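> Here you go, one structure.
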């Protein structure tokens, strides 16, 4: 039973590990704990609505210096809808007339918490607002954080934000796709291409022109963030040491250097290929050439065909020369609407000749073709190394006239506004809880008060363990095997250890009491003769084999004891040789007496003799205790 409980505990541990894996995938290693929201509610002075879980929601408040925050919980002020049109686009869809609303989440609603929702499909949307104060890239990090929920999933569309560059002519009413921005960050998806953008516009110090620098794609599979209809937290951290991090739900999904991990690189190459350099006409790039000294052999016949008739072939027996391969279908009938003047003379469609099905072939027999052993083809000179080979030509390198070295690309153009300029084929994209700051602790506290509460409510509304296991198996089909093994293991162990075992014939015979049977004088004599025969065989075997003295002496003594025991049993079973010789039936009282005496003798031998001694008397035991009596 101890072994059984060990296996049952192992099964429980396996189930626990699967559940833990599912939870870990959902949490994605989040390292920020949701603290006591009741304590935070005492500090809030905004509207308080109680959720179905008894959690009191209050609008998050920043705990340090910030450049911008927006929760959309109150009156939407400061946000400006664009009134312009998108350039180089059809007039029917060029206008930024996509509708925005401020409303609660459709699922996992936290009463009192609202967000900005993109409502229109196949329309351009543009809305923006000024920051509380401009962010200047000097010696402080830039942290941008906000929440997104694709409430209806996403087919093709983005949910990224733009940090608009500071300028004297910035007018948010004319915010459109070509409005200068410093940073673009956030999720984007079209088809099966799932992206998380981080783009910054870098100014060329020599030309004054701006180029977009794109961060390399994250190695993480982003699909679930677009399809699970949950609120996810997107964070960008830019540091003065020219490094960056992108996080989803407070887990780093991509990080790198502004100098090394952007495409194209911030700094151009020092040298470039000379555009004026051209390959000389006599430049030889051929590593191999035909041997100019090679001569075609005199016996080389280029006119020989590659295939010739096989003259050794013989027409198979039974070949039907007079039967065509195809014949008109005898069951076909001319359609009623067939017009011979318009359609011509009607002919039945052709079908394979039925007579050819059992024959080797039909029609005129033609000899098959075979490879011509004399065929050599066109003669070509063998290839040799080119003595004039000069390698693959490439233009010479010259100093890059546009070269510059920006050792500190973090010093970007200051930003003074934030905007969303989006196109989507799916509606109800939810945005909430924007924050721009310089301290990670401030952003984490802001996340705990906003996104952390949504995550807590969503977790509480999660389906039961069974539904989670099924969902996990849909994403990872190999889990079905683990489920089956986990369920079968305790059942199999229970059957193995708890189900009553069948009693075999050997067990039944072993458990039967040993009952002695009366032995006749004839049986004892027969056994004695068999023992004497065995003794004779053993002595013959001793003469033929060279056996060690100790091993030879042991069977002699054993056989002697067997003879003595047999004689003793004979005397007990028959008082005199004259009485009962050849008698088959014995008085009932004598039979019981002999049986009892035999049983007592057997009990004594079992108690006093070892297992080895008992096993050395198989014949004697079978005589005293026949197998039918066990």
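Glycine is treated like the rest: Cβ placed from N, Cα and C.
In TrEMBL, annotation is done automatically, which means it is predicted and not curated.
Just lifted these from TrEMBL, have a look:
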SIGNAL    1-20  signal peptide
DISULFID  156-190  disulfide bond
REGION    259-339  region 'Disordered'
COMPBIAS  270-289  compositional bias 'Basic and acidic residues'
COMPBIAS  305-320  compositional bias 'Basic and acidic residues'
TRANSMEM  478-499  transmembrane segment
REGION    526-630  region 'Disordered'
COMPBIAS  529-549  compositional bias 'Acidic residues'
COMPBIAS  550-574  compositional bias 'Basic and acidic residues'
COMPBIAS  575-593  compositional bias 'Acidic residues'
COMPBIAS  601-610  compositional bias 'Basic and acidic residues'
COMPBIAS  615-630  compositional bias 'Low complexity'
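Can you walk me through where each of these features ends up in the structure?
Sequence-distant neighbours of residue 156 (disulfide bond) (same chain, six or more apart, CB under 8 Å from its CB) are 189, 190, 191, 424, 425, 426, listed in sequence order.
Here the compositional bias 'Basic and acidic residues' (270-289) has Cβ contacts under 8 Å with residues 383-386, 388-400, 403 of the same chain, all six or more residues outside its ends.
Counting same-chain residues at least six beyond the ends of the compositional bias 'Basic and acidic residues' (305-320), those with a Cβ under 8 angstroms from any Cβ of the stretch are 355-356, 359-363, 365, 367-372, 375, 377.
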> Which residue counts does DSSP yield for the compositional bias 'Basic and acidic residues' (270-289) in the helix, strand and coil classes, in that order?
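The breakdown for the compositional bias 'Basic and acidic residues' (270-289) reads 0 helix, 5 strand, 15 coil.
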> Tally of helix, strand and coil residues over the compositional bias 'Basic and acidic residues' (305-320) according to DSSP?
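Taking the compositional bias 'Basic and acidic residues' (305-320) as a whole: 0 helix, 4 strand, 12 coil.
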> Specify the count of other C-beta atoms within 10 Å of the C-beta of residue 190 (disulfide bond).
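The answer is 15 other Cβ atoms.
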